[in-house]
Amino acid sequence: MKTLVLLSALVLLAFQVQADPIQNTDEETKTEEQPGEEDQAVSVSFGDPEGTSLQEESLRDLVCYCRKRGCKRREHMNGTCRRGHLMYTLCCR
């Protein structure tokens with residue numbers, strides 16, 4: 001059950017990342033890397049305010065990053081992110 005909830009949240013996260021508004025053409029055609037562009041944090045929370053069994057420490061806060069060059073230590077790949085026409089790796093811990 002917990003796995004199903006986690007996978008559902010990741011699918012919703014992927015849809016949300018793809019639903020970002022389209023940026024101006026000038027911004028999309030830039031090829032130089034901007035400071036902080038590689039790491040974009042996303043936080044996902046499970047459960048309701050009253051608390052449920054799903055609010056364990058391991059599921060309470062899932063932090064994901066869209067990275068250009070692969071996942072860092074203690075992170076695992078959960079798919080891909082797309083921002084404009086660029087593809088990134090979705091890394092979560």
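Including glycine, each Cβ sits where the backbone N, Cα and C put it.
These features come from Swiss-Prot:
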| type | residues | note |
| --- | --- | --- |
| DISULFID | C64-C92 | disulfide bond |
| DISULFID | C66-C81 | disulfide bond |
| DISULFID | C71-C91 | disulfide bond |
| REGION | 22-54 | region 'Disordered' |
| SIGNAL | 1-19 | signal peptide |
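Around the Cβ of C64 (disulfide bond), 23 further Cβ atoms fall within 10 Å across all displayed protein chains.
DSSP assigns C92 (disulfide bond) to a strand. According to DSSP, C71 (disulfide bond) sits in a coil region rather than a helix or strand. Just so you know, the Cβ of C66 (disulfide bond) picks up 21 other Cβ atoms within 10 Å once every protein chain is counted.
According to DSSP, C64 (disulfide bond) is assigned to a strand segment.
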